[in-house]
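Let me begin by presenting the structure, written as structure tokens, before commenting on it.
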Amino acid sequence: MKLIIEKNEDSVAQVAADIIKKEILNNKKMNICFATGNSPLKTYNNLIKMYENKEISFKNITSFNLDEYVGISKENPCSYHYFMHQNLFNKIDINPKNINLPNGNGDIKKNGQEYEKLIVQKGGIDLMILGIGVNGHIAFNEPGSKLESRTREIELTESTIEANKIYFKNKDEVPKTAISMGLATILEAKKIILIATGQSKSQAIFNTIHGEITEKNPASFLNKHNDVTLIIDEKAAKLLKN
Ligand code: GLP
């Protein structure tokens, strides 16, 4: 696992966007899996600027997303579908036909299986962008998720509901379940970058780097992958040993 510690959120976002840019320039038709949440937001802003400056194009990029809440419509401003369009897709030249998110409505089991098939059909994920939850979740793979897990419905933990309530009117509106790529799906990506900033992530980052590989900390399974880069700020690095 490669570790990059940057001064603050802005420099984390610059480094992350530069890595993504380099990958896109190397393979203009690549499949990228995007994350939602606060962690990648500034990185997405940098990608938008790079697109506006004609440094990169998303015209031939296929996108996937890690996860989506179950039971809320795509038009709901709290959905990850809405988040991605608002914060990235509507501002770049990606072809809407090439945008794929897990479907959190209808038959979730079937949606999960179809999503897995689609990823394979499109040739797999070249670049995976991850955030991390305070409890070490990646995508919505909560503690207890199996290494061999695939896209499926997951019950959100109390701490995740608590952390994500800021995006909703109140806590009661946070869906209790989500559809999420599994750990096996994530680990099949060729290259993975994980963005984490702020002190609230410091314990999860410590556990991922120094802790044991365990279902209790889903992010720890990233140690099994041969091309993972953690890009974190000094606050998230606070507990790390030298
Ligand atoms: C959310 C998402 C994850 C995200 C994580 C951290 O629950 N499902 O994909 O990486 O939690 O979110 P944030 O970046 O807002 O801290």
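Note: Cβ is positioned from N, Cα and C throughout, glycine not excepted.
All TrEMBL annotations are machine predictions without curation.
Using a 10 Å Cβ-Cβ cutoff, Asp67 (active site, proton acceptor) registers 23 neighbours. Annotation source TrEMBL lists active site, proton acceptor at Asp67 (among others).
In the three-state DSSP classification, Asn135 (active site, for ring-opening step) falls within coil. The active site, for ring-opening step annotation in TrEMBL covers Asn135 (among others).
Sequence-distant contacts of His137 (active site, proton acceptor), defined as residues of its own chain at least six apart whose C-beta falls under 8 angstroms from its C-beta, comprise Pro143, Ser145, Thr157, Thr160, Pro218, Ala219. What TrEMBL records for His137 (among others) is active site, proton acceptor.
Taking Cβ-Cβ distances under 8 Å and a sequence separation of 6 or more, the neighbours of Glu142 (active site, for ring-opening step) in its chain are Gly133, Asn135, Ile154, Glu155, Leu156, Thr157, Thr160, Pro218. The feature active site, for ring-opening step is assigned by TrEMBL to Glu142 (among others).
Taken from TrEMBL, the feature domain 'Glucosamine/galactosamine-6-phosphate isomerase' applies to 10-227.
Close contacts with ligand 1, defined as a Cβ under 6 Å from any of its atoms, occur at Asp67 among the active-site residues Asp67, Asn135, Glu142.
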